Structures are given as structure tokens and as C-alpha cells.
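Asker: If you look up TrEMBL, you'll see 6-24, 29-46, 52-68, 239-263, 269-290, 310-330, 336-354, 366-383, 389-415, 422-445, 457-476 marked as transmembrane segment. If you look up TrEMBL, you'll see 28-167 marked as domain 'DUF4131'. Taken from TrEMBL, the feature domain 'ComEC/Rec2-related protein' applies to 215-478.
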Amino acid sequence: MTSSQLLFYGCLSFIAGIAIASFWAFSQIIILAVFIFGIFLFSVFFKSLPMRAAGVVFLCAAFGLWVYEASERTHADNELRRFYGENVVFEAEVIKEPKERPNSTQVTVKPDFVSSGNVLITLDPREKLSYGDRVTLTGILQEPESFDDFDYAAFLAKDGVYALMKKPEVEIKKREAYDHAGERAMAAIFNLKAEFRDVLEQHLSPRFSSVMVEMLLGDKYVMSEGLAQDLNTTGLRHIIAISGAHIAILTMYVMPLFIWLGLWRQQAFYVTLVLVIFYVVLTGLQPSAVRAGLMGGMFLLGQHVGRQYVALRAIIFAATAMLLLNPFLLVRDVGFQLSFLAVFGMIVLFPMVLSFLPKKIPARKLLAMTLTAQVFTLPILIWDFGQVSLVSMITNILIVPVIPLLMGLGFLLMIGGLLQPVGFLLAFPVGVLVQYILWIVDFFADLPFAVAYTENFPLLWLILFYAVVAFFWWKFRRRHDTFIQW
């Protein structure tokens, strides 16, 4: 067993520890006992590779348990709880890009009067705040409440938000009060993002631009509720989510472009890596974008140092890094779950599904990728949303092939659109492709059998589903002697 394989199993154990702690509470004594047992196996049986590996597994699992429990304690001890229901006045700083919706604007602020914990305020859309603004807020601090079986408090807690304030009185103390260079850089990125958004909205119709703004910039809530629901009904919401396809365009096409323009390979590597980081920040550090950025960065690094890129290791390492910073993502963020499961499914099941599809089928590989991604994400979609699209297979086959072209043209439109003649030239092909996508969405969403609704999907069924998939994958590996590098 190589050191990288040992690290891989350690990361898996860390993720397992967080998963277990997400459902069952453990005392510090139990976590310490698991940790000591891991040290015992690793040190006493160091010469035995299996026992040493088992020691690493227990150590990393204990670390995962501890990380989650420590985060839970921080959530339980947040100081904002003492002020629920009270009318308060406090100074705060806008720490995230405001989310503009048709009827309101949501802004996350960091209050000065507590050491930890953020407040999500809801404003009238006419009130404009920006990242970095210093404000004085007056209003009633509210406790987040769950509704319709949705644990809203837990959903907000994953982002460090522990209180709400609706339509407070806002006094702007100072615009864009940045404390350090990092905040100034973030503000510059958000300002550029606003310019890109304006370009798309100027050159495309409102319906078309809402699709492209969410697809390229990650801005949710700009799309109408009807169109968003139609995308869910047809199983196509994922095509407008920030994903690995965006990073793939940067890593596969931008780096060769820089080399062609005369940069050395090492220079092109660093410039492309910076662009990947820039784009992940530009899209709001969404879990799917961060995951894709980490995997894309590892791919670039592997090419740079001459090491083989192993996709399965990359996705597990990416998940570990993200959960180390925020362990709540694993069970409280659907975007995180769907993003990782879709990619994991394509990595693990793609050879098996491809072998069952006749070679004469058009777009055989694309169909296999679509099937594997949907197999792994289907239980989560049913569990979280209570519905499953019955037309998603055909809609994905019809639309997924045009998405890379649309993304590429969309990127060119955002950048070239800053120059009016170039923007109008690029807007036409982008509009044609978006019109094609929306025609497919509208047609299939109107079919009476497009979606099936489910209620009270048991957790046991979800576990059994993945267990059955794992069994068939194991049987396939044994029969066909296939090997996935760990």
C-alpha cells in the first residue's frame, strides 16, 4: 500500500466520521477512546501494514467525529441566542455578496457585538448594500424556524448564520470599508461580476439572460420560479449549476491558449491556476464550484509535476478539504451532496454502464455518463425534493451535448460583450442555443407524466439503494476484472 493510498483511506475514514457524527451524538470520552485505539494500532503494530492502515483509519475517523462535534458545540453556544425576540441596535459589516431577488434582497452581516455568528437580514430591493459596507442596524433579532419538514436553522448554520432580521432600519456608516487587501480583492471580483451580469442582461432577453447568469455566474433567484420548476420537472436543473464543465473549459482550453500566445508552460500553469481560483470566487464559492476548482487544480498540478491524475482520489481529497473547513456541508447542503455524488457515480459506474450499452447507440458515452450521474443522485433528489423526473433521460441526451459550446460562447460573450460590436455578434449564437434548450424544457415540462411525486422516502430505502448499487458494481468488477485506481 502506497502512502497516497493510505492517505486516500484516511480521507474516507475522516468523511465517514463526520457522516456518523451527523446522525448520532458522541461524548468526548468515546471519541478519545477511538483516537487512542488508533494510536495503539499504529504504534504497537507499526511493522504490520494492515494494522498500521487500520490505525490510520481509526485515527482519521476519530478526527472526523471530533471536528463535527466541535462545530456543533460552536453552533449551540452562539451568543446571538441571548437576543432572540429583542429589539437591538448594532453595527455590522456586510461579509458576503448581497443576494438580489425580485421582491427582496438578502444580506449576510457580521455583528460587532458578538465574537462569532452572522445575521441574515432581508431588505426592500430598493435598498442597496455592497460587500464591505459598514452599517448600523435597528430591528428585532429573530430565531430561524423550520417549516414544511425543512430544518431552516440547520441550513443557515452551515454558513455561520444564527439569526434573522427582517426589514431593519439601515444606516450606512461607511461604504466599502475594507480592512485588508483580501477584502479589496473580493470587492473587485464582485464588481467585475456585476459588469459581466450587465453584459448578459443587455445582450439577451430577460428569460435568456436569467439562464446564462445562473449558468456562468452562479447567481440564483434571478430566474423565474416557473422556469426553475420546469427545469426541476425535466431533470435539467443541473445544466445551469456551476460544475466541473466550467472548470474543464478553463483548464483544457485556456492553458493551451496561453502557451500559444507565447507564455512558458510554467507561466501558463500559474496563470490558469489563478484564473480557476478567480472563477470559483466569482461564482460565490458554491460547493459545486469549490469541488470542481479543487479537482481542476489537482489536475493542473498533476500535469505540472508529472504525476498521474486519479479522479477518484481527487474527488475524495476535495471533499475532505471542504469538510475540514465546514463539516455541516455533508448532510445540510444538497448542492454539496449532488455535486459529489454525480461525479463519484461517473467515476465508479461509467465502465459498467458503458459495457451494457450497445455500441451502435448514438452518443453512447454521453448516455452512459448521464445514466451514472442520475443513478447516484436519484435517491438524494427523492429524499430532499420528493419528486423524480420521468423524462430526464431523454432531455439530458437532447441538451447536454450543446452545453459545452454554450458555456464557451457564453464566456466569450461576457468578456467580449464589454465591446459593443463583439457583444452583438456573440449574442446571436448564444440566443439560438438558449432558445433550443428552453424549447426542450417547455415541451417536456408540459407533459402530464413528466414528473412523479413521492412522500416520506425512508432513510433505510436510501441506504439500501446505494447498497444494491455497490453490490452490482462489486459483482461487475469481479466478472470483468476491471480496476479503478484508488
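Placed from the backbone N, Cα and C atoms, the Cβ positions cover glycine too.
TrEMBL annotations: computationally assigned, not manually curated.
Where in this structure would I find these features, and how exposed are they?
Answerer: The predicted model assigns the domain 'DUF4131' (28-167) a mean pLDDT of 87.
Among residues of the same chain six or more beyond the transmembrane segment (29-46), those with a C-beta under 8 A of the stretch's C-beta atoms are 52, 54-63, 65-66, 69.
Nonlocal intrachain contacts for the transmembrane segment (52-68), taken as residues 6+ away from its ends with a CB within less than 8 angstroms of a stretch CB, comprise 1, 6, 9-11, 13-22, 26, 30-32, 34-35, 37-43, 45-46, 323-324, 327.
Beyond the transmembrane segment (239-263), the same-chain residues lying 6 or more positions past its ends with a Cβ under 8 Å from any Cβ of the stretch are 211, 214-216, 218, 223, 231, 269, 271-272, 275-276, 279, 283, 286, 288-289, 291-293, 295-296, 299-300, 335, 339, 343, 399-400, 403-404, 407-408, 411, 437.
Beyond the transmembrane segment (310-330), the same-chain residues lying 6 or more positions past its ends with a Cβ under 8 Å from any Cβ of the stretch are 4, 7-8, 11-12, 14-15, 18-19, 21-22, 64, 67-68, 71, 154, 157-158, 287, 290-291, 294-295, 298-299, 336-337, 340, 343-344, 347-348, 484-486.
Long-range contacts of the transmembrane segment (366-383) within its own chain (CB-CB distance under 8 A, at least 6 residues past either end) are made by residues 235, 238, 334, 337-338, 341-346, 348-350, 353-354, 357, 392-393, 396-397, 400-401, 454, 457, 459, 461-462, 465-466, 469.
Using a Cβ-Cβ cut-off under 8 Å and counting only residues 6 or more beyond its ends in the same chain, the transmembrane segment (389-415) has close neighbours at 196, 199-200, 203, 212, 215-216, 232-236, 239, 245-246, 249, 253, 363, 366-367, 370-371, 374, 423, 426-427, 429-430, 433-434, 436-437, 440-441, 444, 447, 449-452.
Residues 199, 202-205, 207-208, 211-212, 227, 229-231, 233-234, 236, 239, 391, 394-395, 398-399, 402, 405-406, 409-410, 412-413, 416 of the same chain lie 6 or more positions beyond the ends of the transmembrane segment (422-445) yet place their CB under 8 Å from a CB of it.
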Asker: Within the same chain, where does the transmembrane segment (457-476) have neighbours whose Cβ lies under 8 angstroms from its own Cβ atoms, ignoring anything closer than 6 residues to its ends? I mean 6 or more beyond.
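Answerer: Residues 348-349, 352, 355, 375-376, 378-380, 382-383, 386, 482.
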